[in-house]
Amino acid sequence: MRGGRGAPFWLWPLPKLALLPLLWVLFQRTRPQGSAGPLQCYGVGPLGDLNCSWEPLGDLGAPSELHLQSQKYRSNKTQTVAVAAGRSWVAIPREQLTMSDKLLVWGTKAGQPLWPPVFVNLETQMKPNAPRLGPDVDFSEDDPLEATVHWAPPTWPSHKVLICQFHYRRCQEAAWTLLEPELKTIPLTPVEIQDLELATGYKVYGRCRMEKEEDLWGEWSPILSFQTPPSAPKDVWVSGNLCGTPGGEEPLLLWKAPGPCVQVSYKVWFWVGGRELSPEGITCCCSLIPSGAEWARVSAVNATSWEPLTNLSLVCLDSASAPRSVAVSSIAGSTELLVTWQPGPGEPLEHVVDWARDGDPLEKLNWVRLPPGNLSALLPGNFTVGVPYRITVTAVSASGLASASSVWGFREELAPLVGPTLWRLQDAPPGTPAIAWGEVPRHQLRGHLTHYTLCAQSGTSPSVCMNVSGNTQSVTLPDLPWGPCELWVTASTIAGQGPPGPILRLHLPDNTLRWKVLPGILFLWGLFLLGCGLSLATSGRCYHLRHKVLPRWVWEKVPDPANSSSGQPHMEQVPEAQPLGDLPILEVEEMEPPPVMESSQPAQATAPLDSGYEKHFLPTPEELGLLGPPRPQVLA
């Protein structure tokens, strides 16, 4: 049909016998030997099976049958191999093939070819097995370090040459390095790896191919791991209070581990008091420093002969030769810290900057070494915001160490998490409360302290606050009002003010002047009244009044209420009569006594009744001396 689109030639139904002439036509369109395409076939080893694999071709999918036609021995014989559904490869047993044969291979689905056939030469188109590496590895005895890896080629006819290539990499590195040149199996030479580092782990593996098949490489060999000879640590440093005040944590001698892929044993020597000490059981990578040690030396067990020992002087130099003006700052958009300082008066060999997170053990110390001309260091690492890091700069010279005072650095300061704890001190002066507070833990302060804020609240009145210097931790409060009072303190950094600490509750007495003077006035007034009373009681003018006002047992010389004479008949003393004079005569009529009524019963004698009450009366005129002596009576 004119203008119609013709179907592909392999979709037309053809009888089986008609396929043979067509394949000879398609042979002109076969892919070159070894070229990549939908179908690839190769032999595995000199006596292995023939492996064929393919990729699905669009909507046509995978073949259901694979056809192999001999082109060298029986050109008219075609061998068909069934393919399981869903598989993308098939293995043809070696027993079904002829040695050194040349095959034409294609795949069909429902009797229709899916792709052009490929040409396979069984004599050359083979993948060798993987080579065998090690386990012996030899190392050179001088610098630079070289390693010689022994290996064996895969099983192969002795007259046929294989080309093998090897790759190596350092432990924990991602990229592999190709060793040049490629090696041949005839003659067989070992694998040599140059410019290696001591106390380092390496990995190596390889693969082989036939000499004429440049792109048909065999399988990779298993990876061989090996370790170069151990060496003394290059970087040794001190952690802890080596040159500070004795009594703290014991300092440690630290060195950096060679890496997780290497196992090294170490030996340490210290020079103490003119003799050498070598502690046993040294683990990686620290050792306690004995008191008074002057220098330390570290070496690795079974180290190479040309590797020198690592020495470090432990003598503490005067602080005047230490670096000065150490400052720490953060870098915007970076997780690193910048440390700067000014040099001391000496000429150091190098500067060492070490740092550790607050609260970390001595073993977790980091440090970097810098040339003597460097006066700044960019500390690597992922520093956390709000976390304090102790940073120390030390000048290292041949005579010893001179360390500057440690400083605390922050990548970014934050507001404190807690407030200080308050407690009351002894009043100074009495009546004036004094308080003190503790420091906020550094990891909760989260920055450099700028000041404290002290707040007080009495009753329902609003709180009153005042700022206190960060160097002050105790104050007296003379102006607090009397009554109940609450106190609290907050800490502040440049990032802001933190929450208040625990509240201290006080109850203050009234300390105003009137309440201080009134008790004194009352006391003096009481003394005045008491003095007046005593003076009146003891003076002659009022002496006789005590008999009338006070009980007898009070004014008796020896007061004794139990033995008082108040219960006995009282005999009044009458003053003597005055001499007779011209006094008026008073006529007195004598009255007869009333008659006595006799009772039938005799009168009973009654004892005087003592009720305990003493009768006292006002003095009579005679007692007061207001009247003259009585006149004699004149009887009418």
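Glycine is no exception: its Cβ is also placed from the backbone N, Cα and C atoms.
Swiss-Prot lists 618-628 with the feature compositional bias 'Low complexity'. Here Swiss-Prot flags 131-231 as domain 'Fibronectin type-III 1', drawing on sequence analysis. The N-linked glycosylation site annotation in Swiss-Prot covers N51, N76, N302, N311, N374, N382, N467. As annotated by Swiss-Prot, motif 'Box 1 motif' applies to 554-562. Sequence annotations record features per position, and here Swiss-Prot assigns topological domain 'Cytoplasmic' to 538-636. Residues or ranges marked as transmembrane segment by Swiss-Prot on the basis of sequence analysis: 517-537.
Positions of the features from Swiss-Prot, shown on the structure.
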residue : record                      : DSSP class
N51     : N-linked glycosylation site : strand
N76     : N-linked glycosylation site : coil
N302    : N-linked glycosylation site : coil
N311    : N-linked glycosylation site : strand
N374    : N-linked glycosylation site : coil
N382    : N-linked glycosylation site : coil
N467    : N-linked glycosylation site : strand
Count of other CB atoms lying within 10 Å of the CB belonging to N467 (N-linked glycosylation site): 12
Tally of DSSP helical, extended and coil residues in the domain 'Fibronectin type-III 1' (131-231): 0 helix, 50 strand, 51 coil
Those glycosylation sites, out of N76, N311, N374, N467, that come within 10 angstroms of N302 (N-linked glycosylation site) at the Cα: none
Other CB atoms, at most 10 A from the CB of N311 (N-linked glycosylation site): 13
Integer Å distance between the CA atoms belonging to N311 (N-linked glycosylation site) and N382 (N-linked glycosylation site): 31
Sparsest-packed among the glycosylation sites, when each Cβ's other Cβ atoms within 10 Å are tallied, from N51, N76, N374: N76
Spatial separation of N51 (N-linked glycosylation site) from N76 (N-linked glycosylation site) - C-alpha basis, Å: 22
Length of the line joining the Cα atoms of N467 (N-linked glycosylation site) and N374 (N-linked glycosylation site), in Å: 41
For the glycosylation sites N302, N382, the one whose C-beta sees the most other C-beta atoms within 10 angstroms: N302
Between N311 (N-linked glycosylation site) and N51 (N-linked glycosylation site): CA-CA distance (Å): 62
Distance [Cα-Cα, Å, rounded] between N374 (N-linked glycosylation site) and N311 (N-linked glycosylation site): 23
